[in-house]
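Asker: So TrEMBL lists these for the protein:
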TRANSMEM  9-30  transmembrane segment
TRANSMEM  94-118  transmembrane segment
TRANSMEM  139-155  transmembrane segment
TRANSMEM  185-211  transmembrane segment
TRANSMEM  231-256  transmembrane segment
TRANSMEM  332-352  transmembrane segment
TRANSMEM  358-377  transmembrane segment
Amino acid sequence: RAMAAGGRGWFRGLALGVSLLKCLLIPAYYSTDFEVHRNWLAITHNLPLSQWYHEATSEWTLDYPPFFAWFEYALSHLAKYFDPKMLVIENLNYTSHAAIFFQRLSVIFTDILFIYAVHECCRCVNGKRAAKDILEKPTFILAVLLLWNFGLLIVDHIHFQYNGFLFGLMLLSVARLCQRRYLEGALLFAVLLHFKHIYLYVAPAYGIYLLRSYCFTANHADGSLKWRSFSFLHLTLLGLIVCLVSALSLGPFIVLGQLPQVMSRLFPFKRGLCHAYWAPNFWALYNAVDKALTVLGLKCNFLDHTQIPKASMTGGLVQEFQHTVLPSVTPLATLICTFISILPSVFCLWFKPQGPRGFLQCLVLCALSSFMFGWHVHEKAILLAILPL
């Protein structure tokens, strides 16, 4: 309502301003992810579906879910009009002004979904008191924090990725749940999971909230659950949405007998506990303690220096390492730690529901828990908690 009452002008100004800033960043520095996405454009454009998750000419193999691969396929048919050479698989590390312009422009254009999602989220915010100054309006503050999020600008428009587009799907699903349009929210989140599977981290918040608020249709006066209000129809509808989206995404690869190959690309556990650039999480502290104990052990002659790896957890490489003194951490151990850490927030969402606010709190805590204890966490994964927060 606040948006409709006169906020359209300033919102459009914010959106236009940040879009123009993104245009100024077109010639800026870009990371290796620029080549990653160029390679994915080439793979999906030139090869049949059956080879998408087998192609390995480049070290940057396709490791996103099928919906994102189809997204790259669609972009590739526009890219050929800018620079056909960027679609040659063998042109590793290829760049040109036209290729840079197209890839940068594709991120800016797809951010339209993010802008729309922010608009919908702002519609869900109601200030407790009327604000005379626009700088005090909750909708204005929220729009600035989301549209002009500096982390997102760095990751997408300098580093180079498509997180704005993906976060647009997530924020739009959050907005739909806040608007009690549960099936739309569930559909959007199911689609999002098949664009980028990192959002599995917050799936417990979605699952519990939908079960508690949609599948159970009534509460007692004290807020406790009325078990007899369970709707099998609502559960069936949610199940159908998940199954249909999964069938569209993974069905062709199941028919081709390639589901194990796809899963091996999506969950590459051999990449090691930590990414090349460490996320500042629990495992960074764990690695630091192991390194300190190693140095201390060598000085006190408790350890044999010939048995110590030269780059024990500090080489900046994406590969598996063994800890020297402390027990080495397995993917299962990180999964157990993550699961235990999200239990309190999921418990509160079920037993002490606070509506959309409680859902958002649980979503943020699930994201933070996975960031702190997950396997091979990227430092930029903190955005998964920052934006909904």
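Heads up, residue numbers simply count up from 1 along the chain you see.
Even glycines carry a Cβ here, placed using N, Cα and C.
TrEMBL annotations: computationally assigned, not manually curated.
Tell me about the surroundings of these features in the structure.
Answerer: Panel annotation: around the transmembrane segment (139-155), residues 2-3, 7, 10-11, 14-15, 18, 21-22, 25, 114-115, 118-119, 121-122, 125, 127, 161, 163-164, 167, 171, 380, 382-383, 386-387 of the same chain, lying at least six beyond its termini, place a Cβ under 8 Å from a Cβ of the stretch.
When Cβ-Cβ distances below 8 Å are used as the criterion, the transmembrane segment (185-211) is approached by residues 64-68, 71, 166, 169-170, 172-177, 235, 238, 241-242, 245-246, 248-250, 266-267, 338, 342, 345-346, 349-350, 358-359, 362-363, 365-367, 369-371, 374, 381, 384, 388 of the same chain, each at least six residues removed from its ends.
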Asker: Given the transmembrane segment (332-352), which of the listed stretches 9-30, 94-118, 358-377 has the most Cβ pairs that are under 8 Å apart from it?
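Answerer: By the under-8 Å Cβ criterion, the transmembrane segment (332-352) pairs most with 358-377.
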